[in-house]
Amino acid sequence: MRNLQQQQQESEVAVPESWDVGRNNCITAINVQGTTPLSFPNLHHHHDIDHPINHEKPGWKKFLSFVGPGFLVSLAYLDPGNLETDLQAGANHGYELLWVVLIGLVFALIIQSLAANLGVSTGKHLSELCKAEYPKLIKYCLWLLAEIAVIAADIPEVIGTAFALNILFNIPVWVGVLCTGLSTLFLLGLQRYGVRKLEMLIAVLVFVMAGCFFGEMSYVKPPASGVIKGMFVPKLAGQGATADAIALLGALVMPHNLFLHSALVLSRKVPNSVLGVNDACRYFLIESGFALLVAFLINVAVVSVSGAVCSINNLSSDDHHRCNDLNLNSASFLLQNVLGKSSSTLYAIALLASGQSSTITGTYAGQFIMQGFLNLKMKKWVRNLMTRCIAITPSLIVSIIGGSQGAGRLIIIASMILSFELPFALIPLLKFSSSSTKMGPYKNSIIIIVVSWILGIGIIGINVYYLTTAFVDWLIHNNLPKVENVFIGIVVFPLMAIYVLAVIYLTFRKDTVVTYIEPEKNVDPAVQSRMESGLAKPDISFQVDVAPYRQDLADIPFPE
């Protein structure tokens, strides 16, 4: 028996350390000599595998075991920043910008599924692959931009929570901004009773808001022709339409969500086979599609209600004034037809829940970004407080100086920052997921590559166009002295050139680091076929367990 074990150890296929990309659930040592039994590391249980690993689970139960990451990510598409941009787009342009919501959510589904596939197929999330691929300077720049994106995403959550507290308790907005720091501790305290229960409660409250807008939508009855036309006929007419469209895209397609989704899927135990990886990718796609469909319908309802109410001919003077400067703090009047006097209270509770649910996604995204780029790990409460304190600073300054109106404009600015940040997460994702050096046989098909790059380049092009034209227009029409305009131009134009050059560099740089490991080709084809089907050839002592998942991500609060 000792000789048999020694022969087995000597004949195992060694994996070079330089190839170790952290994918414990992809790499196994396979004996390919003689009839010596195959061996798999990290065994904890032993059982016959003449049947598929998940043979006891029907298809729908297997699918449910993968549900979770997509729905948590989709909460970011219902955060206060989304609600703010939806409300303003509807009030200012009616239904004309619904096509932006449609394109944004379709594009979000594509890139979120690509992020999930990247994590499942490589065992690494996006920030870890960026660290492995790019030079040190580029890596640190991408990390800094990703952290700025997390902070920019947290600003609407801070202001949304402050608005909710203002509506509920009539406290000043700047005091509510300070109170959002305490909301972090409150949220973490509730996690002791189970994060899943907390997320379910928050999701229910968010869907209460959705039900209110759907009820109001049935009351005001926006014209179906106008909604459909706005959804399928692109149009950018009217003052500020381009800015509102970019703000919508920035609020819908968030760069930190790509880092988050590619990491969340690693909390699932995926069978170590081609069939297992393909099934996991399909289940994550279905889950993300359903979650984002719900988010799309809610966003359409918010835009339609805002557009319908603010376009009524007999609108009162007070409501007309609110529509001209609509923000989260004044939007509860849109629901008065359905909820009456209780509209403001229920709206504030749902807004508070929306901000807190988005805090969860931002906290996890920041943790994965820091761990992936810098290999640093912080306790979630420390990470949450640090991000929240940084986001509080500009929110507090603006709310003190500009009040609720200034805070509402800051949400739009934060959404535009997210839109400009998008290429620095999107381009690496598109390149890695289309690269055989990263994905091997799981890389994107030609159709997905073409569609995703066309949409990606389109969004990036819109950002660059707006960045250039908006700044030049402001530079020409402002009232500053010429000397100050020249100084501003000297500072800003080089930064714009650096932005464009950075996008070009990321787009055309050739990937050099190989992280995909080719499977052993000397294995008996019959045995290989059975392994890829979740089966294996019964042997003397051939035993296997489900491949271990990422231990460093094991604290993600999802059920197995």
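Cβ from N, Cα, C; glycine included.
What TrEMBL says about this protein:
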TRANSMEM  63-78  transmembrane segment
TRANSMEM  98-120  transmembrane segment
TRANSMEM  141-165  transmembrane segment
TRANSMEM  171-188  transmembrane segment
TRANSMEM  200-220  transmembrane segment
TRANSMEM  240-260  transmembrane segment
TRANSMEM  290-309  transmembrane segment
TRANSMEM  345-365  transmembrane segment
TRANSMEM  385-404  transmembrane segment
TRANSMEM  410-430  transmembrane segment
TRANSMEM  442-466  transmembrane segment
TRANSMEM  486-508  transmembrane segment
Per the definition of 3+ C-beta pairs under 8 A with sequence separation of 6 or more, do the transmembrane segment (410-430) and the transmembrane segment (98-120) touch?
yes
For the transmembrane segment (442-466), which stretch among 63-78, 98-120, 141-165, 290-309, 385-404 has the most Cβ pairs under 8 A?
98-120
Using a cut-off of under 8 Å between C-beta atoms, tell me which stretch among 63-78, 240-260, 290-309 contacts the transmembrane segment (141-165) the most.
240-260
Most Cβ pairs under 8 Å with the transmembrane segment (290-309), selected from 98-120, 240-260, 345-365:
98-120
Dominant neighbour of the transmembrane segment (240-260) in 63-78, 98-120, 345-365, 385-404, by Cβ pairs under 8 Å:
98-120
Any chance you could find the range in 63-78, 98-120, 345-365 with the most Cβ pairs under 8 Å to the transmembrane segment (385-404)?
345-365
Under an 8 Å Cβ to Cβ limit, what residues of the same chain, 6 or more beyond the ends of the transmembrane segment (98-120), are close to it?
69-70, 73, 77, 86, 89, 126, 129, 227, 230-235, 245, 248-249, 252-253, 257-259, 261-266, 268, 270, 277, 280-281, 284-285, 288-289, 292, 295-296, 299-300, 303-304, 426, 429-430, 432-433, 438-439, 442, 444, 448, 451-452, 455-456, 459
